[in-house]
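Please read the structure below before turning to the comments.
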Amino acid sequence: MSLLDLLSIFTMVKGFVGYLTLVVLMFTGWHTHASSIIELNPPRAVVRYGDSVSVKCSKAAIGHQGMGWEAKTGGVGLKENVNSIIWTVENLTDWTVEPKCYFIRNDGKQYLKVLPVILYKTPDIVSISPLNHSDLIVEGNQYQLQCNIQKVAPLQNLVVKWYKGHESIEATTYRNSSNKTPVNVSPTFTINPSREDDGAQFRCEAELHLGPGGPQTPPTVTSELLNVIVLSPPKFFNPEAEVQEVRAGDKINLNCTASGNPTPVYNWTPALDVQNNQMNKAVLTLSSELAGTYNCTASNNLGTIRKTFTVHLTPNGHSITFWVIIGSGVCLALGLCVCYAVVKMKTGPESII
């Protein structure tokens with residue numbers, strides 16, 4: 001047998017002995033104070049899927065028979081005469097990896113410490129879409145939006161944030177999940193749209209909150225924007241009936257403007273001004289000769305609303321001023337006459353007053 005064959009057999013036996021030692025240790029129990037004896041640096045590994053990882057395991061300055069790493073990926077067999085040992089993987093893709101650093105003291109006591117590993121993967125795709133409806137929605141009804149997230153891990157670290165414009169409006173979490181491998185999820189969000197939401201832009205974001213040892217800024221993948229069109233029936237800005245006054249020779253505007261989607265169509269009755277093409281406009285301009293009562297309707301395919309305007313003709317402002325002056329003069333003259341008569345009576349008929 002050659003020297004090379006002997007070395008090969010020795011390596012296999014050594015590896016088997018190291019594995020057998022680990023099995024024995026697991027069945028005989030580990031010392032309960034391993035956390036104070038063994039130090040891991042870093043104490044927690046947060047690794048992007050496919051990236052490298054390296055963690056140093058050190059022990060207290062006490063005599064020992066040897067130390068090593070037990071792991072399905074990157075394991076290190078029992079090594080003698082060392083005070084530290086490194087677990088290294090160049091391309092970590094094992095979702096269930098759970099490395100354990102161990103050593104055995106000279107007195108036979110055994111110590112083991114588990115390295116917490118979070119292997120994470122950002123989603124391949126994040127998209128947003130209406131659920132069971134189009135992006136045309138009607139005011140007053142309830143709808144759901146769905147965020148489609150493909151291949152994300154681990155699920156318990158995922159936070160799905162919903163936005164309307166720049167405002168964060170909801171967050172969905174999966175803290176109770178224990179799934180470590182990539183999954184697809186499709187959380188939903190309920191909206192109750194109003195006409196003010198017409199043209200609003202919604203989006204969702206998938207964030208991985210990985211805690212200590214992870215990126216300070218959570219890895220995030222954002223969906224495209226979803227533009228929402230909200231259909232709404234007509235609604236007057238001022239719905240109350242109006243009574244207005246116009247002076248002779250002047251004009252007045254009657255404003256019937258309403259909001260709504262599609263844009264409302266207007267109609268005025270009675271149709272006195274068809275020749276000026278005003279009867280289908282939101283604002284009707286009248287002269288004083290057309291004082292009276294007018295009804296306006298605003299309509300779209302979702303409804304029709306009505307409003308009444310009453311226009312009264314008032315006397316011209318200059319005429320009022322003239323008669324006020326005349327009336328004041330007459331009152332003044334009458335007052336002077338009364339005063340003169342009273343004084344004359346008191347002073348007698350011979351008075352020179």
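Backbone N, Cα and C define each Cβ position, glycine as well.
According to TrEMBL, the feature transmembrane segment maps to 7-30, 320-343. Under the heading domain 'Ig-like', TrEMBL lists 123-222, 234-312.
Helix first, then strand, then coil: DSSP counts for the domain 'Ig-like' (123-222) stand at 6 helix, 52 strand, 42 coil. According to DSSP, the domain 'Ig-like' (234-312) comprises 6 helix, 46 strand, 27 coil.
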